[in-house]
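Take a look at the structure below.
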């Protein structure tokens, strides 16, 4: 196979990996943890995955402790934890 063909194949595989949705069995276990604001008093708008609604929701993180179900953007939460059996998940905004 030519180097151009290999490059095309690599590009297609990369695109496929980016667009493939997370299935519930592939979802990291920390996605099932509840929102945990932590013990400190900072005001850091963050997002957590709510497994009951299969959506990322906003919460206020206090800045320390907490758990791994804590994302700076909705987009990061969505691509890590949201699952759908209906095909490709579109990218969403960060707010």
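Using the three backbone atoms N, Cα and C, a Cβ is placed for every residue, glycine included.
What Swiss-Prot records for 31-81 (among others) is disulfide bond, and it gives sequence analysis as the kind of evidence. A helical conformation is recorded for residue 81 (disulfide bond) in the three-state DSSP classification.
Annotation source Swiss-Prot lists disulfide bond at 40-64 (among others), citing sequence analysis. Look at residue 64 (disulfide bond): DSSP puts it in coil. Its own atom aside, the Cβ of residue 64 (disulfide bond) has 11 Cβ atoms within 10 angstroms in the protein chains shown.
The disulfide bond annotation in Swiss-Prot covers 56-77 (among others), and the record cites sequence analysis as its basis. Every protein chain shown contributes to the tally, and the Cβ of residue 77 (disulfide bond) ends up with 25 other Cβ atoms within 10 Å.
Marked as domain 'BPTI/Kunitz inhibitor' by Swiss-Prot: 31-81.
What Swiss-Prot lists as signal peptide is 1-24.
The disulfide-bonded residues close to residue 77 (disulfide bond), defined as a CA atom within 10 A of its CA, are 31 out of 31, 40, 64. With the fewest other Cβ atoms inside 10 Å of its Cβ, the least crowded of the disulfide-bonded residues 31, 40, 56, 81 in this structure is 40.
In the predicted model, the domain 'BPTI/Kunitz inhibitor' (31-81) has a mean pLDDT of 97.
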